[in-house]
C-alpha cells in the first residue's frame, strides 16, 4: 500500500541522509563530539529497525491496505518500538581517539553491546528467516506474495549480509573463531 511504501521510503531516506556525515567523519575525522556520534547511530539503527519491522508487518497481513486508525496506531507502535530497539546502538557507539565515530566503543562482551548485537541478529537474521519459513508453511501468507508483498523482501535481503558481518565480527573479537586465512575465506 502507499502508506507502507511511504514509510519504507522515509526509513530509507533517513538512513541515506546519515551516510554523508558518517562518510565525512571517516574520511576527515569526526569533530562533532560523542553526543552527535551517538545520535547518528541511534537514528541510523532506528531507520534500519523501522524498515525491518515495517516489512515484517507488511508481509503478515492486510493492515496496510487502508490508512485508517488501526494502521496509524500500528505505524506509531512500530516506529516507537524501532526507536526503543535502537537505543542500545546509541549507548555502545562513541568517538575513538577523538577523531572517529565508531559503532562500538565498548568491549565486545559488554552487556549493552551484547544486547545490541542480539537485537540486530534477531531483527536482521532470525525475523526474516522466521517470516520466510512461516510464509512457506502457511498458504495464506504465501498467496499474499503473489500480490506484490514479495517485493518487500528486498529490504531484509539487503540487510542479511550486515547481520552476518556483525555475527562474524563478534565471533572473531570474542575469540570463538580463529582469525586465520581459512576462517576468513570461509566467512
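Using N, Cα and C of the backbone, Cβ positions are placed for all residues, glycine too.
Since we're looking at a predicted model, the values are computed, not measured.
Taken from TrEMBL, the feature signal peptide covers 1-23.
Per TrEMBL, the feature transmembrane segment maps to 47-67 (among others). Sequence-distant contacts of the transmembrane segment (47-67) (same chain, six or more residues past either end, CB-CB distance under 8 Å): 1-4, 7-8, 11-12, 14-15, 18, 74, 78-79, 81-82, 85-86, 119, 123-124, 127-128, 131, 134-135, 141, 144-145, 149, 152-153, 155-156, 159.
Long-range contacts of the transmembrane segment (74-93) within the same chain, counting only residues at least 6 positions beyond its ends with a Cβ under 8 Å from a Cβ of the stretch, are 3, 7, 37-50, 52-54, 57, 63, 101-106, 110, 112-113, 115-116, 119, 123. For 74-93 (among others), the entry in TrEMBL reads transmembrane segment.
Annotated transmembrane segment per TrEMBL: 113-136 (among others), in sequence order.
Positions annotated as transmembrane segment by TrEMBL: 143-162 (among others).
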